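Colleague: As listed in TrEMBL for this protein:
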- 41-292: domain 'G-protein coupled receptors family 1 profile' (DOMAIN)
- 23-48: transmembrane segment (TRANSMEM)
- 60-82: transmembrane segment (TRANSMEM)
- 102-120: transmembrane segment (TRANSMEM)
- 140-157: transmembrane segment (TRANSMEM)
- 196-225: transmembrane segment (TRANSMEM)
- 237-260: transmembrane segment (TRANSMEM)
- 272-294: transmembrane segment (TRANSMEM)
Amino acid sequence: MYNLSCYNPSSFILVGIPGLEKFHIWIGIPFCVIYVVAIVGNCILLYLIAVERSLHEPMFFFLSMLAATDLILSTATVPKLLSNLWMGSQKITFSGCLTQMFFLHFSFVVDSAILLAMAFDRYVAICFPLRYTTILTPQVIIKLVVSIVARSFSVILPDIFLLKRLPFCKTRIIPHTYCEHIGVARLSSADISINIWYGFAVPLMTVISDVIFIAVSYTFILRAVFQLSSQGARQKALSTCGSHVCVILMFYTPAFFSILAHRFGHSVPRNVLILFANLYVAIPPALNPIVYGVKTKQIQDKFIVLFSLQKK
């Protein structure tokens, strides 16, 4: 019975942010505001893209996918964080922990792939403007979407089985606010070398390769832009990429800082690392719709029209 409970633990304890327990209520307030902004902003973005026929283009379709994935990313982590900080709800079931972990990692890999698809969209629009509609046909977009979801699902699903095979007899206290693959695996007393190697290989196969292909796409884009004779044409071409570049920087920069901090920042206090990890999953979903709303004229115009109609 003891061994059975080790392999099928009923629950884990999410500690929260250790050392800052007396500030938990105050810490929860900005996270709640950020979460509300993320939900409202992404829902408005999805609504505008769905109802406005002028926004039924490949770029905005990928943007709607990004908004939907951001909703999953923030909803997978922030509500549990708030219940932990405000109500002391630290317990999470084993199945709940695996579910949270799956959607957290799945949405991260999907987000990365969508940013790559958007880079490809900008590459085609700037380098082959006359062939844009013939290259990015609805059939091609559907194939891209299916491949993005299939790739993300197939590389993250094994994480669940890699954790389910482990015994958790030693401790079930997770020193974090949410469940993530390696963090949960480290609680096991068994050999987790497979988990570590797989956890290392997945970002390498997905996120790092996406970053490389995005960099290659923008190399070709910049080369095509600087070959344009008109200064106005160059500025217009670069402005269409501005919002995408901002979102790329907001998504990847904190991720790499977080990885480096966990790997080399041994002197950094644990509560600082946990706070940073939570800001990373909360802030980009809130800022993405704002960035696209400010930098994309079509969305800005439709947003103004929507609210002017509401006032009437």
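Using N, Cα and C of the backbone, Cβ positions are placed for all residues, glycine too.
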Colleague: Which of 23-48, 60-82, 102-120, 237-260 has the most Cβ pairs closer than 8 Å to the transmembrane segment (140-157)?
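Modeller: By Cβ pairs under 8 Å, 102-120 leads among 23-48, 60-82, 102-120, 237-260.
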Colleague: Which residues of the same chain, at least 6 past either end of the transmembrane segment (60-82), have a Cβ under 8 Å from a Cβ in it?
Modeller: 14, 28, 31-32, 34-35, 38-39, 42-43, 45-46, 49-50, 89, 92, 100, 103-104, 106-108, 110-111, 114-115, 117-118, 121, 141, 145, 148, 177-178, 247, 278, 281-282, 284-286, 288-289, 292, 298-299
Colleague: Give residue numbers and ranges for long-range contacts of the transmembrane segment (272-294): same chain, 6 or more residues beyond its ends, CB-CB under 8 A.
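Modeller: Long-range Cβ neighbours of the transmembrane segment (272-294): 17-18, 20, 27, 31, 34-35, 37-38, 41-42, 44-45, 63, 66-67, 70-71, 73-74, 76-78, 81, 104, 175-178, 243, 246-247, 250-251, 254-255, 257-258, 261-262, 265, 300, 303.
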Colleague: Would the transmembrane segment (102-120) count as touching the transmembrane segment (23-48), if touching means at least three Cβ pairs under 8 Å and pairs must be 6 or more apart in sequence?
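Modeller: With fewer than 3 qualifying Cβ pairs, these stretches do not touch.
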